[in-house]
């Protein structure tokens with residue numbers, strides 16, 4: 001006997017998949033979902049189980065049959081006959097059951113249904129459905145598949161609602177990892193905060209001041225050397241801080257689909273003001289769509305000028321509350337610890353307004369903050385639990401790796417057994433090192449976690465061979481037509497600030513079919529790797545005016561499939577974007593040399609011109625190819641073939657090591673020893 005799936009067995013025995021799964025659990029048989037395969041032993045057990053329940057159903061049919069047969073004056077000895085008699089009685093009982101079943105209010109299906117299956121779901125005879133389809137101009141048999149529209153049309157005719165079931169594979173748990181829990185299960189959770197800003201403006205010193213420890217002094221050159229996550233308690237409430245090495249790591253995680261941050265603290269030095277990296281940090285935070293709190297640091301310096309900082313930040317739509325805006329500005333001195341309490345209170349205030357919640361009573365889900373391979377402990381991963389509760393011993397899938405949580409260590413180095421929402425923990429027990437930004441999910445069963453992890457690793461390998469789908473000017477028009485694009489994200493880099501402003505202003509005016517241009521970042525100087533990472537995370541196109549991408553930017557753009565457009569004239573940029581939006585971008589061609597022939601002899605013919613007797617030395621010569629005449633290594637003419645012959649016959653092509661006769665359009669000065677090079681123009685796949 002071949003294996004059968006849960007839903008197939010349920011359908012065969014006219015019971016719901018849910019009831020069958022409940023029955024299997026009562027029989028201590030583990031099934032994960034309705035797609036689980038049942039082996040012969042389990043099927044036999046189920047057959048025995050449902051056969052013992054049949055008499056009660058038969059009794060019901062017996063009562064119904066007696067009523068029907070009394071009306072028709074036919075009766076008795078119902079169960080005495082065997083073989084065909086039993087089958088006839090079963091069929092009769094089945095017909096009576098069909099007659100007494102009420103029409104459902106709603107039916108569900110997945111993918112498609114055959115005419116017979118639809119008839120069963122609607123409690124109608126297949127012939128009735130076939131008749132309705134015929135009236136609609138559809139010739140169908142009982143086993144013919146019907147699409148969604150046809151199913152809805154027939155069901156609506158009976159006044160029955162239709163719902164399509166979307167089956168999501170557990171290997172793609174990212175698709176349902178962020179599903180909303182019921183409101184009554186949600187509990188308040190700590191906010192997750194990222195500190196960003198220009199180099200040397202005091203990001204690590206601020207975090208150090210918050211944690212009351214001297215981290216900065218121990219780090220080389222005052223630069224954060226790894227991504228850490230720490231939790232602090234303020235007024236009996238917790239706040240989780242992510243310590244990132246600049247905004248690039250923050251955006252790399254977002255590019256991998258991980259939205260970990262709730263609030264961004266933008267650190268700006270009161271004596272320095274807004275710097276290039278400050279602007280980048282603002283754009284990264286805005287692209288992530290998270291609230292920004294501005295911490296005006298170094299207020300202890302004599303040159304501190306907080307008003308100038310406020311004035312400069314208004315240009316980037318960060319208007320302080322004191323000036324009628326909605327951005328919170330907090331003056332602080334991280335090195336002296338002044339204003340820190342006020343900053344923490346503001347974080348709690350934003351948390352209260354935003355109402356960050358999670359469900360602690362479920363299996364944990366979240367994101368990898370950092371991961372590394374330790375010689376003694378094996379794979380170590382810092383995880384941020386975003387929903388549910390992670391426990392020691394939980395089977396877990398992290399990106400394409402899997403394992404069981406062997407040990408958990410908190411941010412202060414203590415071993416813990418459980419970690420709730422917004423809690424950062426360091427775990428061991430994974431089979432390989434995951435990447436920062438990978439999502440994780442805990443499961444009930446280690447076997448299932450292993451299967452899902454292995455499947456995801458295989459899928460990732462296959463996906464690597466394919467190309468990532470990123471927005472490019474070539475497919476822009478198609479995506480606009482399909483309604484996939486409502487706004488085009490652009491990153492603009494130029495050689496001088498004036499060019500940046502002029503180009504950004506011109507681009508913002510473009511509006512084609514209601515699709516507008518959004519400039520998510522501008523800057524002066526070469527296109528950097530940071531620009532490419534932001535473009536990848538935001539699905540943006542990079543425009544360079546009089547600037548080039550550096551080596552790292554080129555490499556990253558190739559890996560991430562980010563479209564870079566380089567120009568030297570502003571109106572050409574505008575024209576290209578508009579043309580792409582209207583689907584009129586000119587195709588790009590490249591030349592491909594397909595063959596060469598050597599002129600061995602020439603013949604002059606009246607009214608024809610010079611005929612070259614040639615020998616094909618390489619590749620092939622085709623009738624529709626372009627040709628160039630090369631004499632002594634110099635190209636002396638470029639044009640088209642007029643005729644191509646083998647003996648007296650016109651031919652479409654002549655292959656290598658064959659002789660042929662050639663005439664060239666509007667050119668007769670052919671000489672022995674000339675090389676005729678044939679080429680074609682091929683459209684470049686962008």
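In case you wondered, yes, glycine gets a Cβ from its N, Cα and C as well.
In sequence order, 270, 306, 331, 332, 333, 338, 339 constitute the residues six or more apart from residue 299 (GTP binding site) in its chain with CB-CB distances below 8 Å. The feature GTP binding site is assigned by Swiss-Prot to 197-204, 243-247, 297-300, with sequence analysis given as support.
Annotation comment: Swiss-Prot describes 69-81 as compositional bias 'Basic residues'.
Feature annotation from Swiss-Prot assigns domain 'tr-type G' to 188-357.
The feature region 'Disordered' is assigned by Swiss-Prot to 61-98.
Feature annotation from Swiss-Prot assigns region 'G1' to 197-204; the stated evidence is similarity to another entry. Counting residue by residue with DSSP, the region 'G1' (197-204) contains 2 helix, 1 strand, 5 coil.
Summarising the annotation, Swiss-Prot assigns region 'G2' to 222-226 and lists similarity to another entry as the type of evidence.
Residues or ranges marked as region 'G3' in Swiss-Prot (evidence: similarity to another entry): 243-246.
Counting residues of the region 'G4' (297-300) by DSSP class, helix then strand then coil, yields 0 helix, 1 strand, 3 coil. Marked as region 'G4' by Swiss-Prot: 297-300.
Of the listed binding-site residues 197, 200, 203, the Cβ environment within 10 Å is emptiest of other Cβ atoms at 200. Proximity of distant same-chain residues to the region 'G4' (297-300), defined by a Cβ-Cβ separation under 8 Å and at least 6 residues beyond the stretch ends, is recorded for 201-202, 205-206, 267-272, 306, 331-336, 338-339. Model confidence over the region 'G3' (243-246) stands at 57, taken as the mean pLDDT rounded to a whole number.
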